[in-house]
Amino acid sequence: MTHQIHIIGGGLAGSEAAWQLAEAGFRVKLSEMRGAPVDKGGEMTPAHQTDGLAELVCSNSFRSDDADSNAVGLIHQEMRTLGSLILREADIHKVPAGSALAVDRDGFSAGVTAALTAHPNIEIVRERVDTLPDSGPVIVATGPLTAPALADQIGGATGKDALAFFDAIAPIVHHDSIDMDVAWMASRWDKGDTKDYINCPMTRDEYLAFHTGLMEGEKTEFKEWEDVPYFEGCMPIEVAAARGVDTLRYGPMKPVGLDDPRTGRWPYAVVQLRQDNASGTLWNIVGFQTKLKHAEQVRLFRTIPGLQNAEFARLGGLHRNTFIRSPELLDATLRLKARPNIRFAGQITGCEGYVESAAIGLLAGRFAAAELGGAAMTPPPVETALGALLHHITGAAVAETYQPMNVNFGLFPPITGRTKKADRKKMYTERARTALGVWLAA
Ligand SMILES: Cc1cc2nc3c(=O)[nH]c(=O)nc-3n(C[C@H](O)[C@H](O)[C@H](O)COP(=O)(O)OP(=O)(O)OC[C@H]3O[C@@H](n4cnc5c(N)ncnc54)[C@H](O)[C@@H]3O)c2cc1C
């Protein structure tokens, strides 16, 4: 079969993109290195264990399936509406998990593999791809564990420093969950008129208790392949804290130049948060990258004054992760601006999670199908979960501090006015459904 588009990587994103294109009537070549013979470069990633397409490398959960008050549940619903293969197979292979959508991982992967194998428009080629094709439409969906030779090629095509190798991530907090009666906006030494940071003050006792919590908190154990040296500038906070009780007060928790408006003095220590998206709904805790277990992070970080009710859009973590600086490099339909025949999809674009990776694969597939059919496709509106996630990746996020991100309401245009949080979530999802309907009708 001569193909019309080449998809590299048969994970969550590549499988979904292949399905969307094939269903639209286009012939797809899908290259996957797992299961390839040795002379075709066959190899596993450090996390995959089978040669099944769309293998889930860690948990078996697609998270909440509540489409009324949860952003990931909403994106499930939107993907179902758009004929997602990943959601179809997830629903078929669902296992009991309360309000979450969890799957039998083997049945799920087998179902996706069977559907793609049986599709007359798809040819699955078991091979490792080491070079980016020079011409013809391509979707790169090789994930966070892209094989090294291709990763080098991508680095060359995007500019060497644009391909980020990232080991530690810091938590991100929803702005509306920060207590601004305790925290205050200021820049250190109040330079100019800018008040760029949210500052959370700590007394000596609070700081010492926090330090002890960091030392004693339960840490995630890592597989051997994740045991890479830390970059000094991206060191987990508990590793820095272990160097001495005052290390953090001379580092990310430095109080100098920050007058607390309630006392007129510098606190004993300060936790700073920096804006993380253009609309200011999300803020990251500066220097707080960590490998503490998630429950431990929530418990400990809520002891920080001002963050006692913090809701986290993303918690910290530590694993090897390859992704590109998408907000700078990709256009609104996921094409590499420098080489528009190449689209990127999945976690390599800087989204985070199975569902998000498949969602971006779905959009990449649809954009490519529209282009092959000679029509332009308008991206979904930012009021939808698909549109909000895409918008974040392709422009809304700050390129210099861009980090992997799950879908969450902080990515949506804010709903303002005095409403209860539960009502506000419903307002987001209802607005999204209306917007998706209008977009589909158009
Ligand atoms: C260790 C780890 C644990 C994770 N745990 C979770 C979790 O529990 N829940 C969650 O929601 N998300 C998790 N993620 C994040 C992420 O959502 C998944 O990695 C997700 O699978 C990403 O989808 P993807 O399609 O972008 O990449 P993948 O699903 O990884 O698919 C990429 C595919 O490309 C293939 N490939 C790579 N290089 C080449 C090449 N040169 N030629 C041909 N094929 C190639 C790979 O073999 C793979 O099949 C985890 C990530 C990692 C690394």
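Cβ coordinates are placed from backbone N, Cα and C, and glycine is handled just like the others.
Around the Cβ of G14 (FAD binding site), the number of neighbouring Cβ atoms within 10 Å comes to 31. What TrEMBL lists as FAD binding site is G9, G10, G11, L12, A13, G14.
As annotated by TrEMBL, domain 'MnmG N-terminal' applies to 5-373.
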Please work out the number of neighbouring Cβ atoms within 10 Å of the Cβ of L12 (FAD binding site), leaving out its own Cβ. 31
For the domain 'MnmG N-terminal' (5-373), report the average pLDDT of the model, please. 90
